[in-house]
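Student: From Swiss-Prot, here are the annotated features:
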ACT_SITE  TYR148  active site, proton acceptor
ACT_SITE  TYR158  active site, proton acceptor
BINDING   GLY14, SER20, ILE21, ASP67, VAL68, ILE95, LYS165, ILE194, ARG195, THR196, LEU197, SER198  NAD(+) binding site
BINDING   ALA98  substrate binding site
SITE      ASN206  site 'Involved in acyl-ACP binding'
Amino acid sequence: MNFSLEGRNIVVMGVANKRSIAWGIARSLHEAGARLIFTYAGERLEKSVHELAGTLDRNDSIILPCDVTNDAEIETCFASIKEQVGVIHGIAHCIAFANKEELVGEYLNTNRDGFLLAHNISSYSLTAVVKAARPMMTEGGSIVTLTYLGGELVMPNYNVMGVAKASLDASVKYLAADLGKENIRVNSISAGPIRTLSAKGISDFNSILKDIEERAPLRRTTTPEEVGDTAAFLFSDMSRGITGENLHVDSGFHITAR
């Protein structure tokens with residue numbers, strides 16, 4: 001038994017730039033031999049994904065549009081995937097969003113539209129995507145999403161995103177229960193804070209990083225490569241007995257007293 005992902009078709013959703021956790025995951029999966037299917041939303045991200053995919057040493061990636069707030073576009077995306085590869089063996093769901101003004105101050109100030117937007121993109125999108133992909137996961141497989149400690153504990157300024165991540169965490173468990181009989185595993189990685197494009201929207205993010213460097217058992221922050229290698233493990237047969245799990249990759253910060 002090894003970490004090889006050769007012969008596996010894995011969908012990677014959420015790559016924005018070279019600092020994205022999704023890109024760290026994509027590189028680890030590529031190095032393990034997987035064929036990658038990238039999705040993007042919008043022309044700006046299309047260009048970025050094409051440029052990054054072009055840096056990989058195998059030219060076998062597929063790149064498709066997929067707006068996860070649009071069920072018809074999700075269906076179109078996965079119909080195209082089915083036509084091109086037939087079978088999907090994994091999905092890396094690395095998608096989250098909340099309005100910047102919701103990520104500062106008190107959670108109580110969250111408005112209805114902001115609440116629904118954060119949950120639609122950050123939580124429900126996983127269910128919508130899995131629903132579309134399920135008919136193509138005929139050989140079993142693995143689904144991995146990204147969560148954060150702010151879904152378990154109150155983290156300053158994380159606010160509505162923390163509530164959305166708590167919803168995502170519960171979704172992982174229910175999806176794992178639904179899909180286990182088909183040998184499809186569903187897990188999440190709770191990554192430590194990483195300086196990504198989406199992290200820029202969180203107020204006082206630098207203080208969060210400093211706190212981790214001072215208090216986490218490993219005395220350092222997390223890298224996209226560490227998260228990527230953990231994802232590769234969860235996609236591999238080495239993790240075949242794991243489902244419904246939330247695996248923390250945060251230098252141990254989650255065990256520290258607040």
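Placed from the backbone N, Cα and C atoms, the Cβ positions cover glycine too.
Remember, predicted model here, so these are calculated numbers, not experimental data.
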Student: Can you grab the distance from ASN206 (site 'Involved in acyl-ACP binding') over to TYR158 (active site, proton acceptor)? Cα atoms, rounded to a whole Å.
Tutor: 13
Student: Please report the Cα separation of GLY14 (NAD(+) binding site) and ALA98 (substrate binding site) in Å, rounded to an integer.
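Tutor: Rounded to the nearest whole number, the Cα-Cα distance is 14 Å.
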Student: Could you check which of the recorded positions ALA98, TYR148, TYR158 is the closest Cα neighbour of ILE21 (NAD(+) binding site)?
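Tutor: Among ALA98, TYR148, TYR158, TYR148.
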Student: Taking TYR158, LYS165, ASN206 as the recorded positions to compare, which has the smallest set of other Cβ atoms within 10 Å?
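Tutor: Sparsest of the recorded positions TYR158, LYS165, ASN206 by Cβ contacts within 10 Å: ASN206.
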Student: Going by Cα-Cα distance, pick out whichever of the recorded positions ALA98, TYR148, TYR158 is nearest to LYS165 (NAD(+) binding site).
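Tutor: So, of the listed recorded positions, the one sitting closest to LYS165 (NAD(+) binding site) is TYR148.
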